[in-house]
């Protein structure tokens with residue numbers, strides 16, 4: 001049973017969070033301020049910590065800074081769960097301090113629990129990767145088998161989940177549903193709706209060179225970069241096969257192309273040089289990964305609500321895929337756009 005520490009100065013919120021996580025088979029420890037959270041984390045070593053930003057005695061940001069500075073607690077993942085009116089700079093501050101996710105109140109309980117489980121899975125994968133070079137040769141095969149089983153279980157779970165357990169983005173099944181809803185909304189209100197598809201062309205090569213676990217970590221890294229650098233109104237999803245989908249509500253053709261270029265730049269600059277995953281690789285492979293060049297292509301398509309150029313979301317997706325195919329024919333690291341219909 002995973003152990004979670006929840007810190008919030010609001011008694012009602014603390015009780016709600018405790019009830020939610022207990023229902024999902026978490027062992028819950030509660031704290032009413034940042035200092036108590038730090039003390040309890042040192043004492044109990046939870047698997048995950050959820051912090052409110054604004055608390056008495058010591059706020060969540062100072063608590064996060066303190067926890068990340070201690071050897072006993074610096075590896076514990078942290079989620080900030082704070083009020084919607086909080087200054088946007090607080091979100092940046094939390095991420096810079098080393099928190100793993102940031103959610104606003106009010107929140108969707110299922111999404112919060114799913115995100116918590118996703119972060120725990122990431123931590124578990126990294127733990128396995130770190131142990132790879134420390135274990136004896138006769139144990140390596142068993143470790144790899146267990147990790148493969150874990151990822152397969154996560155893949156099966158994703159079929160019925162709206163969150164992709166590997167990347168933390170929305171799943172492909174949820175993406176298709178959301179795209180349909182956004183298309184209906186755009187058509188009803190005669191608004192623009194754009195779609196960007198980004199594909200890693202050499203993900204299979206990465207998997208062959210470094211193994212499946214490293215390829216999965218690359219996907220996690222890129223997903224995290226996208227989450228931190230795209231607009232809050234954008235809807236991000238992944239199919240776990242090296243493709244990312246970004247729904248851009250109320251975005252015209254020119255705006256979509258500009259956003260796609262921003263996404264391309266974000267994906268084109270994943271810095272692995274300081275990542276903990278490097279410690280699991282041999283020196284030669286580690287050096288190669290530091291200079292890993294990923295090849296991307298993007299496709300963009302826009303529904304013009306006022307002209308109704310596309311009949312449904314399936315045609316929007318189809319044309320975005322055609323734009324992606326066009327960009328791939330022109331060479332790597334390009335963004336493709338079809339002629340307007």
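Just so it is clear, glycine is given a Cβ too, placed from its N, Cα and C backbone atoms.
Here TrEMBL gives coiled coil for one range in the set 56-90, 91-125, 126-160, 161-195: that range is 126-160. The 10 Å shell around the Cβ of residue 52 (4-aspartylphosphate) contains 27 further Cβ atoms across the protein chains shown.
Helix, strand and coil residue tallies for the domain 'GGDEF' (191-340), in that order: 72 helix, 31 strand, 47 coil [DSSP]. Residue counts for the domain 'Response regulatory' (3-120) under DSSP (helix as H, G, I; strand as E, B; rest coil) come to 56 helix, 25 strand, 37 coil.
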